[in-house]
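According to TrEMBL, the features are:
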| type | residues | note |
| --- | --- | --- |
| DOMAIN | 87-375 | domain 'Sugar phosphate transporter' |
| TRANSMEM | 88-105 | transmembrane segment |
| TRANSMEM | 117-136 | transmembrane segment |
| TRANSMEM | 205-223 | transmembrane segment |
| TRANSMEM | 229-248 | transmembrane segment |
| TRANSMEM | 260-282 | transmembrane segment |
| TRANSMEM | 302-318 | transmembrane segment |
| TRANSMEM | 358-375 | transmembrane segment |
Amino acid sequence: MIISLKQAISTTPKCSSKITDHRTNSPTKSLIFSTPKIKKLSIVTNSKPLHVSSLQSFGPLRKFESCKAYEAGGDVVENTEAAKRVKIGFYFATWWFLNVIFNIYNKKVLNAFPYPWLTSTLSLAAGSAIMLVSWASKVAEPPNTDVEFWKALFPVALAHTIGHVAATVSMSKVAVSFTHIIKSGEPAFSVLVSRFILGETFPTSVYLSLLPIIGGCGLAALTELNFNMTGFMGAMISNLAFVFRNIFSKRGMKGKSVSGMNYYACLSMLSLLILTPFAIAVEGPKMWAAGWQNAVTEIGPHFIWWVAAQSIFYHLYNQVSYMSLDEISPLTFSIGNTMKRISVIVSSIIIFHTPVQPINALGAAIAIFGTFLYSQSKQ
């Protein structure tokens with residue numbers, strides 16, 4: 001390469017280049033190659049790399065049609081970072097909005113049709129159908145999976161199914177705000193499971209952040225006007241199940257090149273296969289038919305829209321959350337999840353006119369603040 005470059009220089013009539021100092025906007029040096037004789041060349045830049053543009057032939061270099069040297073500025077990097085921040089902000093806003101809509105319609109459905117096992121099944125079925133149609137129509141690229149992928153996904157799907165059903169059972173018994181206050185205690189379950197089952201250790205600040213989480217959740221539960229033990233235990237089981245889902249996901253999906261959107265689609269399909277027989281055994285078609293008839297009689301055709309909306313928005317908000325996880329760190333995702341709960345709690349209190357005592361609101365605020373501290377201390 002060195003020999004051919006010297007040959008090219010010897011046969012090149014002339015190549016000139018001006019370097020402009022961006023700090024003074026004035027030309028600094030002009031480089032001219034006109035003879036085979038190569039003198040000492042010194043170009044000094046303090047920080048930025050030197051780029052050569054429009055190098056049109058390389059091999060036996062016959063000529064340089066345009067040889068321009070310039071310093072790479074920081075504008076491209078800044079624009080890229082700004083675009084990334086806008087993209088993440090859009091994901092977060094969409095995620096929170098879709099989650100709020102899902103919780104509203106889910107609670108409306110459960111108030112009129114108190115069958116959480118079927119409601120959970122319909123949510124997974126809607127998501128599976130959406131993704132199958134997307135793959136078939138080439139709107140989304142189908143994932144490249146194998147048997148090992150599905151084996152690794154099975155424990156994740158099992159934990160996801162349990163967590164999903166338990167959260168739905170909870171919301172069928174208590175207010176949406178109360179369910180999400182209890183679910184904000186998920187970091188405490190994560191630390192305890194990781195410490196006593198997996199043997200992991202954490203900094204002291206992480207353990208200290210659990211105190212406001214546990215204390216806030218306990219205060220909110222004790223002062224909840226519509227407390228229900230089934231609803232409380234459903235939220236607690238959901239916390240534990242989702243912790244194991246995250247653990248299994250980290251262990252089983254290493255090295256798997258599946259996008260966040262397709263990963264959640266596969267998770268929904270496998271969870272649907274796991275949940276359907278249990279939903280039939282626990283509730284059954286006879287109960288569903290009678291409950292459906294009563295709901296349509298009381299609510300009217302709007303009930304069908306409610307069911308469709310809660311099913312579709314459940315898939316969409318989860319899909320966007322997994323897509324955002326492709327773009328951000330787990331810490332940022334955890335903070336976003338905390339802020340999501342705040343939006344759900346506040347919106348559900350406003351829409352459903354949930355009575356909240358000041359001490360109850362204080363407990364919720366303490367628990368959520370503890371979750372934020374946990375996210376920071378994990379960094």
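Using N, Cα and C of the backbone, Cβ positions are placed for all residues, glycine too.
Where the annotation comes from TrEMBL, it is an automatic prediction and has not been curated.
Contact between the transmembrane segment (260-282) and the transmembrane segment (117-136) is supported: at least 3 Cβ pairs lie under 8 Å, counting only residues 6 or more apart in sequence. Taking every listed stretch (117-136, 205-223, 302-318) in turn, the largest tally of C-beta pairs under 8 A with the transmembrane segment (358-375) is reached by 205-223.
Over the domain 'Sugar phosphate transporter' (87-375), the average per-residue pLDDT in this prediction is 88. Remote same-chain partners of the transmembrane segment (117-136), defined as residues 6 or more beyond its termini with a Cβ less than 8 Å from a stretch Cβ, comprise 106, 109-110, 142, 164-165, 168-169, 172, 262, 264-265, 268-269, 271-272, 275-276, 278-279, 282-283, 288, 307-308, 310-312, 314-315, 318-319. Residues 95, 98-99, 101-102, 105-106, 108-109, 112-113, 119, 122-127, 130, 264, 268, 295-296 of the same chain lie 6 or more positions beyond the ends of the transmembrane segment (302-318) yet place their CB under 8 Å from a CB of it.
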